[in-house]
Each structure stands twice: as structure tokens, then as C-alpha cells.
Amino acid sequence: MMGIRIAIDGPASSGKSTVAKIIAKKLGYVYLDTGAMYRSATYLALQNDTDLTDERAIVKLLKDYPISFGRRKDDSEQLVFVGNVEVSHPIRENEVTNNVSTVAALPLVRKTLVDLQQQLAKKGGIVMDGRDIGTVVLPDAELKIFLIASVEERAERRYRENLEKGIQTDFNTLKKEIAERDYKDSHRKISPLKPAADAITFDTTGIDIAGVVNFIEKKAQNIIDRS
């Protein structure tokens, strides 16, 4: 039987990527980080001194340097490539983070990447996370989850992540950047950040990863058992 499609959406640092990876591994599904795709497009534009509002130029870069995914030999980490270059860590740098909302709002860039995402999800058995998976990319996904958390908590998570990576950041600056990104993502004209009408909204403030995973896994298993 073909596996179900699970859409996990939410704002920056809501825990969606961490949770989606674990859910995919538990179910034996494919995990697709759509945010990494928009980050890769932003990275390409920055590296090639391309105007971040020039959607045709960025789409051409995406065709010249196709985005692909792989895994480390020990299966510990998903790797992201543009062309033949591995960019898993560079696409997480602050310069990319602070500009990705601009690139992600470009209609042609969104169409190019959404088409690819939908193609990858056709066979089912996939967990996809992003900001418009349940509303645009997989509107007919069998399970849609929308994760939220307070700005304070999300800034704390990002702060800890950066420290672990050796990146020095100011906590208050992170809070400001996250709040600004929330505004940009939820107010853009194309695919704004919002829960699908049939999505389950889950507030992860004060809840650890295991608790969130357990909640989603139970929902998924109920659907799988009924299929």
C-alpha cells in the first residue's frame, strides 16, 4: 500500500524540520525539507550577486544548478546540493536566513519549486515541512499539521542551535528577526503562511520534541490503520 502524505507547516523555529525528520524515520518515509530548497535558491542568488527580486534570473540559476538531496553514509544527516556542491551548512548562515523570505515570495521561484515538490510527493510515503505545504503544495495530504510556538521560545531554540554550531548571536536580535520573518511570511501575496482549513494546529510552547513527535505519530498511525 502506498504511504500517506504528511504536511507539517509552521513559522520559523517552530520545530517542524526536527519533528518531520523523526516522524519520517519512524514511519520509514521520505523526508523533504522544502525550506532548504528556498534557502538554496537564496544562497545561489547571493553567491552569484543576483538581484534578490529578479525571479527570472533566480529560476535560471535553479535550472543551471539543480537542487538535490542525499544522506551521509551513517544516515545521520540529510545533505543538500546545488549542482554538485554540498551546501547543507552554508544555506543556514544568517545572510541566507535574513533574505530567504524575499526570494520565497517570488511567484516564479515558488512555482518552480512547488512543481518539483509535488513531483517528489506523487508516490506518497513522504513527510514534507515548510510554510505552505498543506495549503498549496499538498492540499490533499492525508495529514496536515500546523506547529506554532511563542516568539520567545522560538528565539531561544534558534539561539541554542546557533551556539551548538559555534555561531555567536544576540538573543534580542534573534527575537526581532523571527518576528520580522513571521510578518513577511504571513503577509506575502503568494502562499502566505497560514494553517490549512483542515490542519491540526498544535502549540509546541513548553513541549519537548518527544511530546510533539508522539502527538503527530499517533495521528498518522490512526490514518494509516484506516487506509
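Backbone N, Cα and C atoms are what each Cβ position is placed from, and that goes for glycine too.
Feature annotations, reproduced from Swiss-Prot:
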BINDING   G10, P11, A12, S13, S14, G15, K16, S17, T18  ATP binding site
### Summary
Between the binding-site residues S14, T18, the one whose Cβ has the fewest other Cβ atoms within 10 Å is T18
### Task
List the other residues in this chain whose Cβ sits within 8 Å of the Cβ centroid of the ATP site residues G10, P11, A12, S13, S14, G15, K16, S17, T18, in sequence order.
V19, D129, L147, A149, R154
### Summary
What DSSP gives for S14 (ATP binding site), in three states, is coil
### Message
With every protein chain in view, what's the tally of Cβ atoms within 10 Å of the Cβ of K16 (ATP binding site), excluding that atom itself?
### Response
27
